[in-house]
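What TrEMBL says about this protein:
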{"type": "ACT_SITE", "residues": "Cys2", "note": "active site, nucleophile"}
{"type": "DOMAIN", "residues": "2-222", "note": "domain 'Glutamine amidotransferase type-2'"}
{"type": "DOMAIN", "residues": "290-430", "note": "domain 'SIS'"}
{"type": "DOMAIN", "residues": "463-604", "note": "domain 'SIS'"}
{"type": "ACT_SITE", "residues": "Lys609", "note": "active site, for Fru-6P isomerization activity"}
Amino acid sequence: MCGIVGAIRAHANVVDFLTDGLKRLEYRGYDSSGIAVYSESEQKIKRVRRVGRVALMEEAVKQKGLTGHIGIGHTRWATHGGVTEPNAHPHISGGLISVVHNGIIENFEAERTRLEALGYEFESQTDTEVIAHSVRHEYENNGKDLYRAVQTACSRFHGAFAIAVICHDDPAHMVVARMGCPLLVAFGDEEVFIASDVSAVIAFTRKVTYLEDGDIALLSANGIDMLLDKNGDKTERAVKTSELSLASLELGGYSHFMQKEIYEQPKAVADTAEIFLDGGFVPENFGEHAPEIFSKIKSIKILACGTSYYSALTGKYWLESIARIRTDVEIASEYRYRDVIADPDELIITTSQSGETLDTMEALKYAQAQGHECSLSICNVLESALPRASTLAIYTRAGAEIGVASTKAFTTQLVILFGLAVTLGKLRGHVSDDELTGYADDLRQLPGSIQHALNLEPQLAVWAKEFATKPSALYLGRGIHYPIALEGALKLKELTYIHAEAYPAGELKHGPLALVDENMPVVVIAPNDKLLDKVKANMQEVGARGGELFVLSDLDSDFAETDGVHVIRTPRHIGVLSPIVHTIAVQLLSYHVALVRGTDVDKPRNLAKSVTVE
Ligand code: AGP
């Protein structure tokens, strides 16, 4: 969703950074962009905004010859008001104050009414414009102090936001504030940068400070001149060195980030498995206080959205069968509005690639407010909001995931959930030493099995041609493979805009069987496990109604290719980690259907990478 950048550079033009930074934030999803800089030659704040890709805005910036030593930029994902140029950021009030903003000002209507009554005229339908006018009002009426003006304005706003503000009167300073949305400050040599995401700055510097909720900072080219925390007390935040690699943000020979990220899975999974293979299946992997917390918990509740919710659903099977611990999984956006019954002995887990999904964050806060004392975040993005708000945290080692459709974040989340199940199983006396050795071997072999699954790509590309012509598809699985069917259907929807649904195969006859005819391809995830015979019976039900079956199975499950039954087999039986390997096939299938249909693989329509609004 929306991205923020900003910079003050004593000896260089900020425009290069602003446009480069915004391009690096494109993956988050947006529909318009813009930058504002203070032009010394014209002594005014100049702005360029465009609907559509950053490249269009960049072109306009070049044509207008925008330059300056201070500036802010934004990619907007429309929430309040349509996708129009007047609604794009930055917003300017009276040529004096310019603002970029992520998040939502929940009380913007009341603020707008107040400001209109004071004589301010609004040019957009956004909540952000109230920030610009509000800061200007405070600035002009309370001693022309930009820092204090931002501080007072922010105290009026409800909601989650991160903002950056520049002022015509003081082109050497910028004020930034964070409340609920990520914001970092990065430091170069006589230059300072700000961004909502570290990927925007690492081409310029790796020295970063993550602001905390409630922080308001005054910046100059020398760095942070003043930083007050949520209580108004002077504070300092640690400067860290980002280890994110620049290569991970570039295509490096692949056609799409999604393709690259699918192919990175053997390494991402191996790197994540190393946590347990090198460190052992020990609670300490999950944080300093994990030993005491893990020994007292009696049940688990996992809260998540989208693909991360499906990884949680898969994890439930391992947690219940290996660790014998009762596990519930709930969609975060539902949980947060339910009358929950809190249990201090229940561990709340959140799974999230970005660590900043608003629904998941709010669900965690709600659980904590209801009396849940222990929480664990399984997250991919370092220092993001969810791990920071949780008692325990463990990071997947997937590296940057740029494609909007989640791939390697999902499979690495599964590795962590499996590692957690084995860790808890061992701790609770349900995993013998032999079983422990077996689980470690399974993890060791997993990257190789994923590599084998990647080799199935040509066969899946053949299937894709047929899927691409169909209006919808059905995905079936049973047991632990049912969530993989859900993930397969979600990937198909996101990437190809083909309607797809997933069902536990046994549920077919209770309704969805009515949909089956020769136009409905039915994907069946059918590895050789204890439910295989049941799945085969469900497949007969499809075959008898003229449905075409596309079976993903493993080597020893003796499926025969016949008319109306297509089979692709992974080259070996994979055992307990089979869901992870079958995921690769459903990812590749959707990727190839998208290629045939010519959709935007990395940026599917209407979707954003980090969903930081409700
Ligand atoms: C997955 O392909 C999605 N784009 C989406 O469902 C995503 O998984 C969801 O929005 C949750 O995001 P998170 O993992 O960053 O919390």
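Yeah, the Cβs are placed from backbone N, Cα and C, and that goes for glycine too.
Applying DSSP to the domain 'SIS' (290-430) sorts its residues as follows: 64 helix, 29 strand, 48 coil. With DSSP states grouped into helix (H, G, I), strand (E, B) and coil, the domain 'SIS' (463-604) comes out at 68 helix, 31 strand, 43 coil. Following the DSSP three-state reduction, the secondary structure of the residue listed as 'active site, for Fru-6P isomerization activity' is coil. Cβ neighbour count within 10 Å across all protein chains ranks Cys2 highest among the active-site residues Cys2, Lys609. Across the residues of the domain 'SIS' (463-604), the predicted structure has a mean pLDDT of 91. Rounded to a whole number, the distance between the Cα atoms of Lys609 (active site, for Fru-6P isomerization activity) and the residue listed as 'active site, nucleophile' is 10 Å.
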